[in-house]
Amino acid sequence: MINPADLLEPLAWSQSTILCLLVLLLPLFSFIVIAILPNTQAKASAWVGMFMTLIASIISVHLLIAGWQGAGIHSRVEWFSFGHLPPFTVGVLLNDPALLMLVVVTVISFLVHLFSTAYMAGDAGYKKYFGFLGLFTFSMLGIILADNVLVIFIFWELVGLSSYLLISHWNHKESAIKAAKKAFIVNRVGDVGFIIGLAILWSQFNTLDLEALKVLMQASTIENGQWIAGAHSVSLPWLTAAGICLFLGAMGKSAQFPLQVWLPDAMEGPTPVSALIHAATMVAAGVYLMARVFPLMSIDALTFVAIIGSVTAFMGAIAALAQHDIKKVLAFSTISQLGYMLMGMGVGAYDAALFHLFTHAFFKACLFLSAGAIIHALHDYAHRADIHFDAQDMRNMGGLRKYLPFTFIAYLVSTLALIGIPFFSGYLSKDALLSGAYAWADLMSERTLSWHYLVPDLGFITVVLTALYMVRQLLLVFFGDFRIADERSIEANIKVKDVPWVMKTALSILALMSFGFIWSLNPLNHSLSWFLSALKTPTILVPGMNGNWQNNLVELAEHNHMQVTVISVFMIVIGGLVAWFIYRPKGKYAINYFSRQGASNVWQWLSFNNWYLDEIYNDFIIQPIEVLSQKLQLLDTKVIDNFIDKFAIFNIILGHLTAWVDRNIVDGLVNFSVYFVGRVGLMTKSMQGGKVQSYIALAFVGILIFIFWIIW
Amino acid sequence: MLNNYLLSIIIFLPLIAALVVAFIPGKFKGAFKYIALGIASLQVLIAIVLLSGYDASYAGVNHLNEFQFLENVPWFDIHLSSFGHISADYIVGVDGLNMSMVLLSVVVMLIGTIASWNIKTREKGYFSLLLLLNGAILGCFLSLDFLLFYLFFEFMLLPMYFLIGLWGGVRREYASIKFFLYTLFGSIFILIAMIALNLSVVDPAATAVEAGLVQEGQVVSNEIVEQVQQSLAAGQLSRENLVHTFNMVYMTDPANYIPGSIMDYKVMKVILGQEGRLLMFLLLFIGFAIKIPVVPLHTWLPDAHVEAPTPISVILAGVLLKIGGYGLMRTAFMIIPDGVGYYGWMMGLLGVISIIYGALNALGSKDLKKMIAYSSVSHMGFVLLGLASGTTEGVSGAVYQMVSHGVISAALFLIVGVIYERGHDRIIQNYSGLINKMPRYTIFTVIFFFASLGLPGFSGFIAEIFVLLGSFNSSVVNGFLPKWMTIIAALGLIFSAAYYLWTIQRMFFGKFFTKIEVSNDELTDLNTREYVMLVPLVILALLMGVFPSFLLDMINNSIAVFTDVIGQYGDIIQQN
């Protein structure tokens, strides 16, 4: 039997640990410095933030180069302890995925800082904005580095806070505040699951340290339907429940069905925030969490993950089809892509899921920042041309490639990556994911017709839909004529102006990362990617696991690879062609789309309203709870409290009666009634007169008599 | 020399000061608040001295010689011929159970005194009552003699009654009487249990003297004590020589119980269809549950809070509620540990109900202060749930929650006081966009709202997460609580996020307007005095959230003993 305390010895700090902590603390330092800065020094806040994140990204890149494919780092200290339980530790656990995440988060954070200096220029909350960006980056890095599931949860909540603060950045806008609140509360729903997951692991192993958990998990056994770890045993379903509960947390943060409703609303925040938090990093935290706890997930829990992931991928893609808002399309696309990643985790394609996380982080950040550049340019245009229109509504755009050529190219490149065209990064990762999903279905169903095939099938359908909505967006935004321009502005020769160079710098770096050759020497074959060949899928350590399961999966996936590539490229072509046919400039449908009010059929309504999930939750959860809380207020004041009041009045009446009896009837049980009158009289009189002191004395006499009564 | 009487000094200093204030002529009314402030600051200093001299390696709890700064003086001893002696002692001392409570009390009392700065009516009465309350609270936390404890416990009601009744809001008289009678009602139950305990427990040392085993004035050795306990169990001691005691530490030792008495461990006497010990546990539980408060015995709290002046709300939420939790630990749990296994399930359920019911009621409240009062009910539910779990994490979490809630709720009531002082209105819907007028105030409010909803980094998170882990673990460790209770309790976290964020949305963000008659320059931002109160509380909440070991190291050994004592009855319950 393993003693958990032995697995929790403090581990020495190395130089790399110090560097990791430096990366972690620099953004926090930025937050603190900006908080202290006087309001007049708003400009300086951007420099502080940029400087700190730049240093952090340089250190991260150094750590990546020095530590890639190395043994990893694990340093740990004791944090606190309870009674005589094993100590609670906290530390840094750095392996290859963590190293990559470190670079992705710090680099994108730096680019977003850079981009924001132009995007947020002149904003009243400029200083606050950069401060919260620092807080966010710190919390996100904490999730990446933490070696303990509870510590991950701590930073998990802190990113939730920073997300709340940044979504409600424009806190005079009712919609922004509501969106922020919604994001936090929906995430809390997932977090309750997370906490239960923690509780299951804690009660079984008495520690939440990841490395210790792995050892203890492997040492645990299954006997007679009981999951036994040392002296602790629970019934077997709790093993799967632990995995599913942790995944519930991921469902909240990574916007998975049925908790995906907060993410589209979160677009109320500034667009660079959407790029950093709600596309590239925070929402991917759920995928990262799954990667961290992957060895602790049972096959049934993973199956649940795969189903939710594929369903979300499909639902998100459908919802992206009929949006008018440029950011909403990208938000639903993010939901869909996160679904892909979690589907990947669920089907055991750990490396593919992480691969997609990283490629997606760059091309989606690029898409969001490009959208930000477009919105920025259109705001500027609206200001100069003195016309008011919604700068995020794609129906007001069109033909922008002529005015924003640089942004167009960045957008095009990252779109191609997103829909998965060969030679672009998304192709590699998506191909790996779909091969994995297909292999999983083969393995699970043993090649009979089974529901398991629905998982890769939904994945393939999503490929069509992704091509469809992204090509639609390209056509609506960049092709055709600029639709909002009125005659007056054309006469005055007011045109959309190109964006400043800082924005272009950020865009170009992100767009570059969307090319396939960055990620693989052979941009057509994902299995030759330096990335995938380096990332080792950890062995699942839950008891009762068939050791060959994971090996078979890998073999099958390689076997399927060519098939999957052909099918998905075919799907992309179909999706693209359909989009072109419907939304081509001057096409009949497109012209009708610009002029009509609302949706024309039930499918468009369903898509536009994101499957009516908001309405369903409002009617079946939020409203009932509101009504319940009001009813409980009534219950509290009108029933429970009323009962207490009635009881008091009853005592007053009783007091009068007893007083009468006492005065007029000589009672044998003197002691008893003196006591009783003392008590009740106190209640009565103080209710009326409020003179309490004298009655305390009376009560005390009563008490003394009571004591005597008890003694004899 | 002074060191030996520190606890008495910290208790009686404010009581003497209260007398002094009462005798100072009213024309020096400006001086009263400075006296109160001086005393409260002095108490903080004494508490720091206590802390520096406190050795956390001693557990205390059920060993009198392990208590620190112990003062043990005989108080009275009445000889009642054939019944034996009834004796009470003046015993005060600290261990891991009450050390944190003492620290919390002195801090909150200091903040409460500063919050009283703007009291402009009947200052003399106010400050002498405040000092009286102060002394009674500390006496309550420090007493190790049940009678002394009970005396202080009852004595607290008096100043509290007047402070609410005279300086409170519109319905102050109703609220104060309700508070008074409700708590008094609860203390009757405690009184009965106390008397039953006194009838059943002997002081082995004093009994040894009475029985002539040692000379008076001599030190009673452990062997003699054991000898007395053995003869007690064998029924060899004559009743006349038994010294009945109120000493709470002696009450924790099964060997000190008179065979065949009401509270005897072995022969369970059945009273009212319930075994004697279990009935007494229930009585103690009800008595303290009113104080915590536990739903459905909580309705005095919203009224008392809404009507009480700000500093009294601060003290009420910050310290007084904790006496419920502490009393439960010191008396019911430690003296009748066998009752915990028996009633653990019920207590856990009531804890869960309090969490959810309190949170939902907070969600339905329109008055900001009422909302925070209900959130107190919800958060104190975690204390009960953690205690009922009987696990190390759960009980530690419960104690942590008491301290954490003391700090955070004190700050929240100050926050309410700030807006009430300026706008003379607390209805949430009557304000909007306060961030535009009072940005700093909004920052503090948001910080404390997030601290209260259990954001990591603040003390409440550590407390709540370990109460949840502990209560979940209970089913494996001792079988007191089923797993589903934790799952339901965790849902409370969603509701608390809901009511706080909803309030932020309604009151603080958005466009500025008010629906009340208030001139623009009245809604000023925080002043220096308010910073002085709020900043230390932020720092405390943060420190306790990031460095839990400060508090945990102080209580760990005591909690370990505490859970061991309870745990040994866990298996028995499971077997039955």
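Backbone N, Cα and C define each Cβ position, glycine as well.
The transmembrane segment annotation in TrEMBL covers A:44-65 (among others).
The domain 'NADH-Ubiquinone oxidoreductase (complex I) chain 5 N-terminal' feature in TrEMBL is assigned to A:79-130.
If you look up TrEMBL, you'll see A:98-122 (among others) marked as transmembrane segment.
Under the heading domain 'NADH:quinone oxidoreductase/Mrp antiporter transmembrane', TrEMBL lists A:146-441.
Long-range contacts of the transmembrane segment (A:183-205) within its own chain (CB-CB distance under 8 A, at least 6 residues past either end) are made by residues 4, 149-150, 153, 156-157, 160-161, 163-164, 167, 212-213, 216-217, 220, 227, 229-230, 232, 234, 238, 241-253, 259, 261-263, 265-266, 296. The transmembrane segment annotation in TrEMBL covers A:183-205 (among others).
As annotated by TrEMBL, transmembrane segment applies to A:225-252 (among others).
Per TrEMBL, the feature transmembrane segment maps to A:273-295 (among others).
Annotated transmembrane segment per TrEMBL: A:301-322 (among others), in sequence order. Outside the transmembrane segment (A:301-322), and at least 6 residues removed from its termini, the chain residues within Cβ reach (under 8 Å) are 240-244, 247, 251, 255-257, 260, 264, 290, 328-329, 332-348, 437, 440, 444, 454-456, 458-459, 461-462, 465-466, 468-469, 472, 599, 603-604, 606-608, 610-611.
Look at TrEMBL and you will find A:329-350 (among others) tagged as transmembrane segment.
Marked as transmembrane segment by TrEMBL: A:362-382 (among others).
Under the heading transmembrane segment, TrEMBL lists A:403-424 (among others).
Taken from TrEMBL, the feature transmembrane segment covers A:458-480 (among others).
Tertiary proximity for the transmembrane segment (A:562-583) is limited to same-chain residues at least six positions away from its ends with a CB under 8 Å from its CB atoms, namely 419-422, 430-431, 434-435, 438, 460, 463-472, 475-476, 524, 589-590, 593. Among the features that TrEMBL reports, transmembrane segment is placed at A:562-583 (among others).
Taken from TrEMBL, the feature transmembrane segment applies to A:692-711 (among others).
By the Cβ criterion (distance under 8 Å, sequence gap of 6 or more), the transmembrane segment (A:362-382) is counted as touching the transmembrane segment (A:273-295), at least 3 such pairs being found. Taking Cβ pairs closer than 8 Å, the transmembrane segment (A:44-65) reaches residues 16, 19-20, 22-23, 26-27, 29-30, 33-34, 37, 94, 99-100, 102-103, 106-107, 109-110, 113-114, 116-117, 126-127, 130-131, 133-134, 137, 141 in its own chain, all 6 or more past its ends. Helix first, then strand, then coil: DSSP counts for the domain 'NADH-Ubiquinone oxidoreductase (complex I) chain 5 N-terminal' (A:79-130) stand at 29 helix, 9 strand, 14 coil. Within the chain, the transmembrane segment (A:273-295) has long-range Cβ neighbours (under 8 A, six or more residues past its boundaries) at 97, 101, 104-105, 108-109, 112, 115, 133, 136, 140, 143-144, 149, 152, 156, 159, 162-163, 166-167, 169, 210, 214, 217, 243, 246-247, 249-256, 263, 266-267, 305, 327, 330-331, 334, 338, 341-342, 345, 350, 353-354, 357, 360-362, 364-365, 367-369, 372, 537-542.
Taken as a whole, the domain 'NADH-Ubiquinone oxidoreductase (complex I) chain 5 N-terminal' (A:79-130) shows an average pLDDT of 90 in this prediction.
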